[in-house]
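Chemist: Not my notes, these are from TrEMBL:
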type: COILED; residues: 190-228; note: coiled coil
type: COILED; residues: 304-331; note: coiled coil
type: REPEAT; residues: 432-465; note: repeat 'TPR'
type: REPEAT; residues: 474-507; note: repeat 'TPR'
type: REPEAT; residues: 516-549; note: repeat 'TPR'
type: REPEAT; residues: 558-591; note: repeat 'TPR'
type: REPEAT; residues: 600-633; note: repeat 'TPR'
type: REPEAT; residues: 642-675; note: repeat 'TPR'
type: REPEAT; residues: 684-717; note: repeat 'TPR'
type: REPEAT; residues: 726-759; note: repeat 'TPR'
type: REPEAT; residues: 768-801; note: repeat 'TPR'
type: REPEAT; residues: 810-843; note: repeat 'TPR'
type: REPEAT; residues: 852-885; note: repeat 'TPR'
type: REPEAT; residues: 1062-1095; note: repeat 'TPR'
Amino acid sequence: MKTIKIFLASSEEMDYDRMAFGNLVRRLDNMYEKRGIRIKLFEWEDYDSAYNDKRKQDEYNDYVRQSDIFLALFHKKAGEFTVEEFNIASDEFKEKSSPKVYTYCKDLKPGEEETPELKEFKKRLFDEMGHYWCRYDNRESLQFQFVMQLQLVESSQMDNVKVEDGVVTINGLPFAKMENLKFAAANEDFLRMQTDIHELRKEIEEMQIELEKKQRRLDTKKAKLEETPDDEDCQEDYNYIKKDVEKLIDNLQPKLNKYNKLKEDFAQHQELLFNTAKRVAKLQGEEINDRIRRAMDALNEGLVREANTILNEAEEDAKCLLNEYKQSKEITEQKRQNLIISIKELSLKATSIMADASILIDERIKQAEEIYKLADAIAQEINYDQDKYIDFFWEYSGFLRDHAIFDNAIEIHNRQIKMCEDFHGKVHPDTARSYNNIGIVNDCLGNYDKALKYFEQALNIREKILGKEHPDTVRTYSNIGIVYYDFGNYDKALEYHKHALDIREKVLGKEHLDTADSYNNIGLVYFDFGNYDKALEFHKKALDIREKVLGKDHLDTTGSYNNIGIGYYHLGNYDKALEYHKHALEICEKVLGKEHPNTAMAYTNIGLVYLELGDYNKALEYQKQALNILEKVLGKEHLGTARLYSNIGNVYSEIGNYDKALEFHKKALYIREKILGKEHSDTAGSYNNIGNVYKDIGNYDHALEFHKKALDIREKVWDKEHPDTASSYNNIGNTYNDLGNYDKALECHKHALDICEKVLGKEHPNTAMAYNNIGNVYNNLGNYDKALEYYKQALEIRKKVHGKDHPDTASSYYNIGVLYKDIGNYDHALEYYMIALEIREKVLGAEHPDTVRTYRKLGHLYLNIGDNNLASQWLEKAATLGDTNAQFYIGHMYEIGKGVEKNYVVAAEWYSKAAEQGDARAQYNLGLIYEYGKGIEPNLDKAIELYRMAAEQSHVLAQNQLGVKYRLGQGVEQNGEKAFDLIYKAAEGGYSVAQNNLGWMYANGCGTEQNYEKAIEWYKKSAENGYKKAYNGIAWTLHLSGRYEEALPWAEKAVAAFPETPYIIDTLASVYQDLGRYDEALEEFELCLKLKHEQNESDDSIHQTEEKIATLKELMKNG
């Protein structure tokens, strides 16, 4: 185990500081021990004041030589032995580069003076050695300085020192508050921001208290108003308080926005000040010039702008020195040393520029980048010492990475890797750190293959050198887990995240924020595995830590609430999901206000739950609230806004408003293509969504086009074996299934299944979906045994993954029930329907569309069984809950008295409800009731209106009926062209009666030119479709065409089908007559006349037949 030995020299006046320092070292030792490092503090005695023991002091001097860090504390005086120890440590460092020597001088209080010996010592420190001493004014400042310098000895821990909510921590261990460190506490921008935040927070809290009071009053008034809606005074009070509440909310939001922006700026400013302190810490103990010393003094005093002023000339001086160096014929060591000092000045200047809040941040970044470039150019020119160059690269690459200057960061990281390998070798902590950092940049750029390669290289080195339990090793495990997660390789992601968790629990404990991060990461992987119980378990552990450490109102805590809500959503526990998402929303509105992206996300999550609950109005309401926020805060062309457009498109798809769905999905696609390009996974998501809408509206060519675009991108961006790729194959398969191309459908679904089983495993929701889809195809092929096999496999997976009480499990029971019904196994169908219903009622509630659909299916099943009474009960239950299909069927049952007592009024009521929801069948049937006055007053105008509504939805019966009305001029102005157009559409739609009517219109030239061939063609289509009266139309048209021989068999078929229909018998008689078969003709005419008398036809009709008989008899007499 590595040991860092520390020797602290001081006089008796420093007793209190020595004791505090000892306590800190013991705390750090306890923390570092878990990482394989011990920190040993040499316990000394004060020989300056107690006694002068030469032998003992010699022993102490030996300890000085053996130490890694030597610290000397001074306040008012310089003790003889302390100075002696300092000199020994300095000589040792010059010879062996160890120990690192640091001097601490405590600030003098008013009235205190330094001894001449201390003044002389400090002067010698700078003049002869260029050594800078650390100043401190309190215990926390001393602790901060020491921890900074400790990191320079144990550099692997440097990244673990952070500023979190104004507290400086190392591996989560707090050791100083920023407000107690002079470099921050005396900084004017720090003080201004701190004051502004405090005052603004106070204003906001007062406004929130006032808002809560008024909201309670408003709720009270609302409740009273609901009880007494006619109370005008109550209504007036309610309106007044409501305006007051709305005004308060409007006034509060800008303050919350300002407050949160100020907090972000303040956190950033603290981080930048902290960076200046880290840079100053690195320069302590090094050789510096007067300009750097003065700048460091200013930075320690919080005087950033003064430090920048001091360093203003450093940049120009560096350029001059560099040019002089390049042009010099004789390169001297002094010239080189001057440029080395310039590098130090420029690094300090870049850091201090970034901390100057008086300069706009973009300008600061630009200036700092130019300064780093200059320092880099100098380092290259003078062949800078590689260890120092590597050190410089940590700062430069970190700056580029922090400010998303990724292309330049990649270049610097690559150079740094080569330098580390050349200087340290391939197996060294710095080489590993370089690989890790370039991995982070590639991960940010979405270059996951490269990121993984670099992280794995870093891991191999860290495991060898640092061991598996070192924080850096653990961080690399976590990074690799994240990349595998992005790849969709969840097994590997889980493996690495669990490895990180095991170590963090052991080293950091179960209540550390890094441990919470591991719990969170594992929870996310379990989500994608479909193991929602496990996911919830880990997210709840993360929540427990975050609530305890950060508090309930922290945004990271809100993230855990959201994740738990998502877990319950997937488990089908929508009440719990709403509870957690609404809790997250409450915190977001309180902390961030109503106009913040996080608040919008909370609205989105609630909307998604309502979508699953089938409450589409609420789903749309919450999604639109989220959209309003994001459009206002982020603008209409932001990726966050695109996500909302996509969500709203999905809601409209569920509602069945496909035009709106397409509109929103295309908006999302436009933004994603513009910002991310055409080859990004999110762009593929939009193509996928648009493909789904086109499939739902039956535009299969477009559906395939968009789904194939999504697949091409996913195979390119992810891999051919990724869950999203499998999803695309499933969607393409579903489209081919709807097209009736079952071979292609099976091929796609089986490919999706192969991917799911390989990537996600056999027990995953997506795998179950693939089995289900294959079952659907086999069902359509009529291969019911195979369909049942796949449906049951889907069911078994869903029971294992979700448990019995889950919507997906219910869907499997339902699908099996449908199959059994289709093959006539009604007992089994009933069994599976009832299980599906039990789950849906329990999980989704009686009013959910899936539950209502099950009621309807049970009604249809009982119709098949022949139990009309039970059928009517289930259908009426579904109809009462708004199922349009059920409303139509129960209406029809009341109309014909099937399973219920015949009642036209009730039938009309149910038809009316279905008609209002756009059911064309109900519109048509209700039209018939109004036209013929079944149980109600006849109303032809109303009937025509209903026929027209149904006809506009391509209902062929309604098109034909309305066409006939236009042909006859019944209820509408007679119009042959309109009649022809409507009847033609109905005929094209395959309605045999309309095809017969269209034949008549061609034969008679009604609404179109007379065309016997077209008439015969449509009559024959009608006959082929089973409309036997078309036989007569064919016969009569052939007869009119003079094709009597062809007409005869059709006329005989017509009479055989309708032996007591006078006009059909009349056709046969006419054909016989024209063929010269007068006896047969006379026989048929006389039968026709007889039937007309019996059927009480009109006198004109009877007279026409009598005339035909007379004419025929005349022909027979003359023939």
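Placement of Cβ uses the backbone N, Cα and C atoms for every residue, glycine included.
Just so you know, TrEMBL annotations are computer predictions that nobody has curated.
Where in this structure would I find these features, and how exposed are they?
Modeler: Model confidence over the coiled coil (190-228) stands at 90, taken as the mean pLDDT rounded to a whole number.
Listed as Cβ neighbours of the coiled coil (304-331) (distance under 8 Å, sequence separation of 6 or more from its ends, same chain) are residues 187, 189, 273, 276, 291, 294-296, 298, 338-339, 342, 345-346, 348-349, 352-353, 355-358, 371, 374-375, 377-378, 381-382.
Under DSSP, residues within the repeat 'TPR' (432-465) fall into helix, strand and coil as 31 helix, 0 strand, 3 coil.
Sorting the repeat 'TPR' (474-507) by DSSP state (H, G, I as helix; E, B as strand; all else coil) yields 32 helix, 0 strand, 2 coil.
Beyond the repeat 'TPR' (558-591), the same-chain residues lying 6 or more positions past its ends with a Cβ under 8 Å from any Cβ of the stretch are 208, 256, 260, 520, 523-524, 527, 530, 532-533, 535-536, 539-540, 542-543, 546, 552, 598-599, 601-603, 605-606, 608-609, 612-613, 802, 805-808, 843-844.
Counting residues 6+ beyond its ends, the repeat 'TPR' (600-633) has Cβ neighbours under 8 Å at 558, 562, 565-566, 569, 572, 574, 577-578, 581-582, 584-585, 588, 594, 640-641, 643-645, 647-648, 650-652, 654-655, 807, 844-845, 847-850 in the same chain.
Packing against the repeat 'TPR' (642-675) from elsewhere in the chain are residues 600, 604, 607-608, 611, 616, 619-620, 623-624, 626-627, 630, 636, 682-683, 685-687, 689-690, 692-694, 696-697: each is 6 or more residues past its ends and has a CB under 8 Å from a CB in it.
Helix, strand and coil content of the repeat 'TPR' (684-717), in residues and according to DSSP, is 31 helix, 0 strand, 3 coil.
When Cβ-Cβ distances below 8 Å are used as the criterion, the repeat 'TPR' (726-759) is approached by residues 488-490, 684, 688, 691-692, 695, 698, 700, 703-704, 707-708, 710-711, 714, 720, 766-767, 769-771, 773-774, 776-778, 780-781 of the same chain, each at least six residues removed from its ends.
Cβ atoms under 8 Å from those of the repeat 'TPR' (768-801) belong to residues 530-531, 726, 730, 733-734, 737, 740, 742, 745-746, 749-750, 752-753, 756, 762, 808-809, 811-813, 815-816, 819, 822-823 of the same chain, restricted to positions at least 6 beyond its ends.
Within the same chain, residues 572-574, 768, 772, 775-776, 779, 784, 787-788, 791-792, 794-795, 798, 804, 850-851, 854-855, 857-858, 860-861, 864-865 sit at least 6 positions outside the repeat 'TPR' (810-843) and bring their C-beta atoms closer than 8 Å to a C-beta of that stretch.
Beyond its flanks by at least six residues, the repeat 'TPR' (852-885) meets 814, 817-818, 821, 824, 826, 829-830, 833-834, 836-837, 840, 846, 893, 898-900, 910, 913-914, 917-919, 922 of its own chain at Cβ-Cβ distances under 8 Å.
For the repeat 'TPR' (1062-1095), same-chain residues at least 6 beyond its ends with a Cβ under 8 Å from one of its own Cβ atoms are 1029, 1032, 1035-1036, 1039, 1044-1045, 1047-1048, 1051-1052, 1054-1055, 1101-1102, 1105-1106, 1108-1109, 1112-1113, 1115-1116, 1119.
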Chemist: Write out how many residues of the repeat 'TPR' (1062-1095) are helix, how many strand and how many coil, based on DSSP.
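Modeler: Per DSSP, the residues of the repeat 'TPR' (1062-1095) fall into 30 helix, 0 strand, 4 coil.
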Chemist: By Cβ distance under 8 Å, which residues at least 6 away from the ends of the coiled coil (190-228) in the same chain are close to it?
Modeler: 178-179, 184, 234-235, 237-238, 241-242, 244-245, 248-249, 251-252, 255-256, 258-259, 262-263, 265-266, 269-270, 273, 302, 357, 590
